[in-house]
Amino acid sequence: MIKKAIAKVVEREDLTESEMIQVMDQVMSGEATPAQIAAFITALRMKGETVAEITGAARVMRDKVTRIRVGKNILDMDRDDINVDLETILDTCGTGGSCTNTFNVSTTVAFVVSACGVKVAKHGNRSVSSACGSADVLESLGVNLDVTQETIERCINEIGIGFLFAPALHGAMKYAIGPRKEIGIRTIFNILGPLTNPAGAGCQVLGVYREDLVEKLAHVLKNLGCKRGFVVHGQDGMDEMTLTAETRIAEVTPAGVATRLFRPEELGLSRCGMDDLRGGDAAANAVIVRRVLEGEKGPKRDIVLLNAAFGLVAAGRVVDPAAGLTMAAEAIDSGKALAQLEKLVKLTNE
């Protein structure tokens, strides 16, 4: 099948979802050669991946992942307006690849959102385009990445947050590692990670490195059964909601996909420069993350609050971003967000 698919894609013909499933099953089962894999993903990138193609690839990757078993729905009995359909596990994983060298915003957000009563299955990896990926900064903060599947499940179920280290859970990806490294370009594999959470997170805030991926990946999430989520891209290039410019947002709901531009001023947040959000290596970013969780004021805190606000909306914890902003600030200022980090460090090192 992969030979036929290569020939078709080279002629700039789109594959159906079913065809893509067949090809990716060959790739992830070790039936395709390295040369075939490289040719296919290069041709696909040159043509441009469609919603159907990305959906098919993600379905195969989800099928072959090592699954993390956690409770399906999380209810907060202190609330008056419990929404069973939306209160599910949240992921804040982005594609990476923005090349803006900011600190680890979505990783910091994960602790804040989990402190608000949302169970977070933070999916991530080591650095792709920056000096520090989510795995790198968590390791520097003291989180042990070399843990069992059972420990990850305990983290999510008992403390409300766990880190899902992609290389340890996506074993079928090993067949594509060599070809990807050798061709050295971004391919469909750069966007599959956030679409294939091993815990089956039903709600997401997904940052992407290209604006044209925003609406496309929102429709993919919809196809894959996402209950509610946001796909975002900062006009400054960030794969996060940003404070330096407007952010393109595609919201996924049961009703469909709606896209718009968001301005920081809508939530009363001040704009800043990119230098205000810069990070460094793992050690430097660990210091930044800890300072934000300890309550240090400034643009770094504000961008965390902004992204956390939308995460809380996605998880059904609040009805709008303004309420999410207030809840996120309280989670930091009360010390609960920092406590989540300390609990994760402790449990992963037991």
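Every residue gets a Cβ built from N, Cα and C, even glycine.
Taking the Cβ of ASN125 (anthranilate 1 binding site) as reference, residues of its chain lying under 8 Å away and at least six apart in sequence are, in sequence order, GLY96, GLY133, SER134, ALA135, PHE165, ALA166, PRO167, GLY193. Annotation comment: Swiss-Prot describes GLY94, ASN125 as anthranilate 1 binding site.
DSSP assigns ASN125 (anthranilate 1 binding site) to coil in the three-state reduction, outside any helix or strand. Taken from Swiss-Prot, the feature 5-phospho-alpha-D-ribose 1-diphosphate binding site applies to GLY94, 97-98, THR102, 104-107, 122-130, SER134, supported by sequence analysis.
Residues or ranges marked as Mg(2+) 1 binding site in Swiss-Prot (evidence: sequence analysis): SER106, GLU240. Taking all protein chains in view, 26 other C-beta atoms sit within 10 angstroms of the C-beta of SER106 (5-phospho-alpha-D-ribose 1-diphosphate binding site).
Over all protein chains present, the Cβ of ARG180 (anthranilate 2 binding site) has 18 other Cβ atoms lying within 10 Å. Secondary structure at ARG180 (anthranilate 2 binding site), as computed by DSSP, is helix. What Swiss-Prot records for ARG180 is anthranilate 2 binding site, and it gives sequence analysis as the kind of evidence.
The Mg(2+) 2 binding site feature in Swiss-Prot is assigned to ASP239, GLU240.
Annotated pair HIS123 (5-phospho-alpha-D-ribose 1-diphosphate binding site) and GLY94 (anthranilate 1 binding site), C-alpha to C-alpha distance, rounded: 9 Å.
In terms of C-alpha distance, the listed binding-site residues GLY94, THR102, ARG126, GLU240 place ARG126 closest to ARG180 (anthranilate 2 binding site).
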